[in-house]
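Participant: Okay, here's the structure, questions in a sec.
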Amino acid sequence: MVATAATSSFFPVTPSPDSSDSKKKRLGNGSVNLGGIKSKTSSGNLQVKANAQAPPKINGTKVVTPPAEVFKNEDGVSFHPPRTFINQLPDWSMLLAAITTVFLAAEKQWMMLDWKPKRPDMLIDPFGIGKIVQDGLVFRQNFSIRSYEIGADQTASIETVMNHLQETALNHVGSAGLLVDGFGSTPEMCKKNLIWVVTRMQVVVDRYPTWGNVVQVDTWVSASGKNCMRRDWLVRDSKTGEVLTRASSIWVMMNKVTRRLSKMPEEVRGEIEPYFMNSEPVIAEDSRKLVKLDGSSAEFVRKGLT
C-alpha cells in the first residue's frame, strides 16, 4: 500500500480527456471511475484515489507515460497490472541504461588489455608462413623450438634442424607461386613428370637452439653447373642474430616414372632462373668421401642392430 502510494507520487497518471462522472464501467462486483480512478471492492473497505496532475517535464520537454497494459482473468474481466517502479519507467530510460552498461563493459575490457606490457618479443609471430626479403631473392621464416623437438639436455635435435630446412625450402617455392604438386615441383616439372632430388647436403651446426628459443631461417637458391641447383640456409637466433647453423645442398631432377636423372629443361629453367641469387655457398664444398666400412678389418664390430 505504501509502495503504491509512493510510486504514484513520482509517476502521476495522466487523466483521460473524456473523463467524466457519467462514464463508468461495471467490473464484477466493484466499480471503476475513469475520472478519479476510484476503485471499490465488494466489501467496500478499500478505496484508493489518485489526484490527476499535468504531465511532468524534464528540461522543458513533456514526458508522456505510455498507457498500461490491460489483462483479463479467467472470467474474462479486464484489469490493470499492479503499479510498480519498473513498469512505470519510460522506454528511453531503459535504453539509456542498456547503452551505459555496454560502454562500461567495453571500458573494463580495454583497461584489462591496456595494462599488459608490450615487449618486443611479443610482436614476433613464430607461426607465420614467412616472407620474401632482399629484393625477392631470400625467403625468411621464424620457428619456435617446442618441447617435443628437444632432447634431455633441452636442446633441439639435428632432426628438428633438418625439418626446419625442408619446411622453409618448400614454403619458399610456394610463396613464389611455383608450387603445384609434390615437393617443390613447378608447373613445367609436373608436365614432364620431374621431381627434385637432393644429391649432396652439408650442415654445420655451431650451436643448437634450446627450448623456447625462436630461430630465424633464411634460404635462397643459386645455379650450380648446367643441370643442378644449389640451395643454401642460414639459421640465426632471432633475438641476438647469432649464427647457429649453416647448410648447403645440391638438387637435381629425376623422372618419377623412369627413376632416372634428367637434364633441366629450358622451360623449367625459365621458371626458376629469375629467383637465382649470385652468391657463394655458405659452406665451402667438401669433396671428401666416406670410407667404405670393412667388417673384417674393423677394430670394433657390433652386430644385431636394427
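For all residues, glycine too, the Cβ spot is worked out from N, Cα and C.
The compositional bias 'Low complexity' annotation in TrEMBL covers 7-19. Positions annotated as domain 'Acyl-ACP-thioesterase N-terminal' by TrEMBL: 1-125. The domain 'Acyl-ACP thioesterase N-terminal hotdog' feature in TrEMBL is assigned to 136-271. What TrEMBL records for 1-40 is region 'Disordered'.
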Participant: Work out, from DSSP, the number of helix, strand and coil residues along the domain 'Acyl-ACP thioesterase N-terminal hotdog' (136-271).
Facilitator: 32 helix, 62 strand, 42 coil
Participant: Which whole number is the mean pLDDT over the domain 'Acyl-ACP-thioesterase N-terminal' (1-125)?
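Facilitator: The predicted confidence over the domain 'Acyl-ACP-thioesterase N-terminal' (1-125), as a mean pLDDT, is 55.
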